[in-house]
Amino acid sequence: MSLDTTTLLAIIAMAVVTYITRIAGLYVADRLVLTGRAKAAFDAIPPAVLVSVIAPTALTTGWAEAIAAAITAVVAFRLPLLATIAVGVASVVLLRNLL
Amino acid sequence: MTSYKREIRAGLRDIAPVAVAAVPIGLLFGALAAAKGLSPVEVALMSGLVFAGGAQFAATEAWLHPAPIAALTFATLLINARHVLMGASLSPKLKMSRSQQLLAMFFLTDESWALSERRALERPITGAYWAVMAVILWSNWTISSTLGAVLGSFMGDPARIGADFAFTALFIGLVAGFGRSRVTLVTVGVSAAVAALVHYFVGAPWHVASGALAGIAAAYLAAPKEVRE
């Protein structure tokens, strides 16, 4: 039962900022119509953040991780999410033992 | 059967498969968060209060001790910014008072949004329908991730079984869900390169914000100026 003060503050800050994004739409519903480049930039936010989070692990940790990331990316377009994770984890374990 | 009961039944039917699929993801989140040094109590609080899987995975992967509050909050804001568009689109379809909407939106998720948008093509979204989905998804996510954190603390070194790579594999799978359009490929390439370089030369956690902003700018530049639909 451990609860770190800084961790608690970080969680609360994350919760507040998330709630703001959730209710902000209620107030801009009749004004927010994104088109063209603005819409493309907005739609790009989730993949841009996700890729940025994992880029160091995937690209600069070592060959095993980089090759496993490439294998995962290939199967990601063909398999459901949990199967993709299983393939990724299995390939990194195998490659770490081989390389 | 009253319309109230019918709405509850429709909510149950729509959310059941989503809830089942979310259990292993919740267990995985809890286990990985435990491996990053978060206690089961902290995992339960995060899942219950933040209740946003993508942001929680991203924050936990970038977690350091002590927690870098500003960087984590900014990454959370970026990854959850899509909620603004989702809420704006859903708001006129919700048959609720403004205060009910403010409560309902706390439980906004990609899944409940997508299901509601589909249902809204035929009928307005009632409080009963939304509440069933909200309660089930929220308890499901909070319980499964807390359980994952408890089990994960017995798992030992996650690198031994490759579990440290599960984040990476999960995120690759999620990114693949955004398709292979030219703009998406440019975004992914630029974000990956900038994030890796910043991580190497500057260090965590700044690679998340810089890589994300670079990818967003790249998408803006790569997209056609006029809407083509």
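If you go along the chain as it appears here, the first residue is 1 and each next one adds 1.
The backbone N, Cα and C atoms fix where each Cβ goes, glycine too.
All annotation found in TrEMBL is predicted automatically rather than curated by experts.
Under the heading transmembrane segment, TrEMBL lists B:15-34 (among others). For the transmembrane segment (B:15-34), the residues of the chain that approach it from at least six positions outside its boundaries are 40, 42-43, 46-47, 53, 56-57, 60-61, 63, 111-112, 115, 132-133, 136-137, 140-141, 143-153, 155, 158, 163, 166-167, 170, judged by C-beta separation under 8 angstroms.
A Cβ distance under 8 Å defines the sequence-distant neighbours of the transmembrane segment (B:41-59), meaning residues of its chain 6+ beyond its ends; these are 22, 25-26, 29-30, 32-34, 72, 75-76, 79-80, 106-107, 109-110, 138, 141-142, 145-146, 148-149, 167, 170-171, 174, 208. Marked as transmembrane segment by TrEMBL: B:41-59 (among others).
Residues annotated as transmembrane segment in TrEMBL: B:65-85 (among others).
According to TrEMBL, the transmembrane segment annotation covers B:128-155 (among others).
Residues 25, 28, 31-32, 35, 54, 57, 60-61, 155, 184, 188 of the same chain lie 6+ residues outside the transmembrane segment (B:161-178) yet bring a C-beta within less than 8 angstroms of a C-beta in it. Under the heading transmembrane segment, TrEMBL lists B:161-178 (among others).
Residues or ranges marked as transmembrane segment by TrEMBL: B:183-200 (among others).
Counting same-chain residues at least six beyond the ends of the transmembrane segment (B:206-223), those with a Cβ under 8 angstroms from any Cβ of the stretch are 58, 62, 71, 74-75, 78, 182-184, 186-192, 194-196, 198-199. Marked as transmembrane segment by TrEMBL: B:206-223 (among others).
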